[in-house]
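Record features (Swiss-Prot):
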BINDING   95, 96, 116, 121, 124, 431, 435, 502  GTP binding site
BINDING   98, 135, 313, 332, 334, 338, 356, 357, 502  dGTP 2 binding site
BINDING   128, 143, 189, 194, 292, 295, 299, 346, 355  dATP binding site
BINDING   128, 129, 143, 292, 295, 299, 346, 354, 355  dGTP 1 binding site
BINDING   128, 143, 189, 194, 292, 295, 299, 355  dTTP binding site
BINDING   128, 143, 189, 194, 292, 295, 299, 346, 355  dCTP binding site
DOMAIN    143-296  domain 'HD'
BINDING   146, 185, 186, 291  Mn(2+) binding site
ACT_SITE  212  active site
REGION    571-622  region 'Disordered'
COMPBIAS  594-606  compositional bias 'Polar residues'
């Protein structure tokens, strides 16, 4: 009878760490002890020789084992089966969603515990593009489906890096944390998305520097606590509190105050060796992240605008390279043009949809209605306390009840205290909107505050041209300043992107704009200044347009596109405007002359010259 090899018992500490889901903290000896305990002592030495620690166990595939020297297929499969027992993460069935953008997508069951909570389901009732839906009828999608898409794409990118570079030792816990961060990155959005944090809160609470990313972290903590998800996370092999810290850092950046020494690693959730993981969901370095990938595809789909960026191609070429001691996600050098196209797509979306002049004024009017209704709306929070729309951000239980429904709550109210707010929303529904009287730009970017906008409205009221009928006051004007950029204000985001070449995929390089094309933008940011008039009768609008042209002249802003039409008696008075137009015309005339001049044709005064291209050198026929 064949002698059976007695299976040695696994060390007690090793068993305890398995039960606690902390096997990724094992050193090489712990790994060897576990393998021997599973009857794999024949192959334990190979793991020891290759220096495999617990952090790398779940990253191993059959191909990795074969390269390490585990030749028999049966042995490789046996080892993989034993490694999978370390965590339930790789053995549980996935949940399938049918998404109109990404098709059939799979999400880990742990993610469902986050999705199936009131705090996450709240995102079903917050429009992704806020008031833009009232301009683009197809833009009816919500933060809910966008968040699921970001969670899915986050997993796609990290898994692609793991398959391409197993030496990164990306664990299943890493993948889950990145997916959860993608899933929960927008939990803090308020009614009508960016209208709430970009327009309403700055006016309702001007002293506060509130951002929806901070609210997302607070809502995430609230979600985990009230739904008892810490125990669920531990059951799925997560490490607490490190993984919770890591998830929140991906959403809002370092949780502690900024580190003065830039060389010091500011994050606590993951070590500097895994710095690239912080570039997946919200890439603070260059803005290339899965959040953009999803909203590009999803917003374009619902807006009816062509999306020119293919994230699938980026996934194919993404890899991690080390730069100055930190690891960054890089892409192939030949993809630099596609990345410029990506940021150009972002700019086009802002121009055509996100900053649409009608969509913007609708959100301005909604903001005005919310400000008037703010003291009269009561929302119950924790411990029975009552909050208003603007103070609900202080209490996550109250904030979780704040969605786009507040619009209908005001619109369908009957109390006299909400009459002013109700009237504004009724005007929106009936399309009685404030009218845009013009748009201009400044030669240099202006630091804009709420006080500056109010001062400009007062200046407009004083800019009445001579002979203009009607009187307008500051309260009749709304001044809006829109910032257009490539995502990093005046900076070129591609300057913060690293690439690699086919010849050496381990070395990161930078590619200057001049190496790509001479047709790329010289500037990466500008300001658009729009003026609206609240009075919508023809006489007031005609006067407001003349006020606006005069104000642009006084402020030395660019001439409005229709300035010569709406105020032909004013624009000739601004010499700078016409000097620029004369320069443009002279430039065009020179270009036209260069195009019409014959090339390589001998000229002689007073006589026609005919050239025989096939004549002998030195002969001329006249």
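Glycine is no exception: its Cβ is also placed from the backbone N, Cα and C atoms.
Feature map: Swiss-Prot annotations on the structure.
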{"residue": "128", "record": "dATP binding site", "Cβ within 10 Å": "25"}
{"residue": "146", "record": "Mn(2+) binding site", "Cβ within 10 Å": "24"}
{"residue": "185", "record": "Mn(2+) binding site", "Cβ within 10 Å": "29"}
{"residue": "291", "record": "Mn(2+) binding site", "Cβ within 10 Å": "22"}
{"residue": "292", "record": "dATP binding site", "Cβ within 10 Å": "21"}
{"residue": "313", "record": "dGTP 2 binding site", "Cβ within 10 Å": "13"}
{"residue": "346", "record": "dGTP 1 binding site", "Cβ within 10 Å": "21"}
{"residue": "355", "record": "dATP binding site", "Cβ within 10 Å": "17"}
{"residue": "431", "record": "GTP binding site", "Cβ within 10 Å": "9"}
{"residue": "435", "record": "GTP binding site", "Cβ within 10 Å": "19"}
Mean predicted confidence [pLDDT] for the domain 'HD' (143-296): 94
Residue 96 (GTP binding site) versus residue 189 (dATP binding site) - Cα distance in angstrom: 26
Largest inter-residue Cα distance among 128, 143, 189, 194, 292, 295, 299, 355 [record-listed dTTP binders, Å]: 19
Those residues of the chain, 6+ apart, with a Cβ under 8 Å from that of residue 116 (GTP binding site): none
Listed recorded positions (95, 189, 212, 334), ranked by Cβ neighbours within 10 Å, top entry: 189
Listed in sequence order, residues with CB under 8 A of residue 121 (GTP binding site) and six or more positions away: 115, 144
Most distant Cα pair in Å, residues 98, 135, 313, 332, 334, 338, 356, 357, 502 binding dGTP 2: 46
Most crowded position, judged by CB atoms within 10 A, among 186, 299 as binding-site residues: 186
Nearest-integer angstrom distance between the alpha carbons (Cα) of residue 334 (dGTP 2 binding site) and residue 502 (GTP binding site): 9
Distance from residue 146 (Mn(2+) binding site) back to residue 95 (GTP binding site), taken between C-alpha atoms, in Å: 17
Taking residues 95, 96, 116, 121, 124, 431, 435, 502, which bind GTP in the record, the widest Cα spacing (Å, whole number): 56
For the Mn(2+) site built from 146, 185, 186, 291, further residues of that chain with CB within 8 A of the site's CB center: 143, 147, 150, 182, 281, 294, 295
Among 124, 143, 194, 356, 502, which are binding-site residues, the residue with the most C-beta atoms within 10 angstroms of its C-beta: 143
Candidates 128, 146, 212 (recorded positions) with Cα within 10 Å of residue 194 (dTTP binding site): 128, 212
10 Å Cα neighbourhood of residue 295 (dGTP 1 binding site): matching binding-site residues from 98, 124, 313, 356, 431, 502: none
